[in-house]
Amino acid sequence: MGLQETIGIQIISVEKGKAVVQLEVTEKVHQPFGYLHGGVSVVLAEHAASIGAAKSIERDEIVFGLEINANHLASKKSGLITATAEAVHLGKSTQVWEVKITDEADKLICISRCTIAVKKKRNEKHGGE
C-alpha cells in the first residue's frame, strides 16, 4: 500500500498540464493540535504535480520531485480539500507546477510550487528505474 492509499488521496482528474486530487481531512492527517498537518498538504501538492507531470511526458520518460515549497494560508480541522495542480512550465528536463489547495468553500488553504525532474527511463537490466 502506497502513501496515496494510506492517507486517502483520491484522484479526480489528470490530463496533460493539469491534475486534481482530493483528501478528506480526518484525525489521521492531523498535527498534534488537531489541525491538518502541513506536511500532508505538501504530500497532496506533490502528488497532484507528480501525476500531472507523468501525464505530460513521453512513454520512455519518468518524473521525480526535485523541489517543493508551500505556504500554509489557513487551517482545517475536517472536511474535504482539493489540490489543483497546473503546469507553469513543461520543459524537456524540468517541469514547474503551481498547486492550489482549497476547501469546500473554495477557501485557499495552501499554495505550493513544485519542480519536477524529467528523466529517461533506465534499462532495468542495469539496475535503475
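Yeah, the Cβs are placed from backbone N, Cα and C, and that goes for glycine too.
What TrEMBL annotates here:
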DOMAIN    33-110  domain 'Thioesterase'
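Look at the domain 'Thioesterase' (33-110): DSSP puts its residues at 17 helix, 37 strand, 24 coil. In this model, the domain 'Thioesterase' (33-110) carries an average pLDDT of 98.
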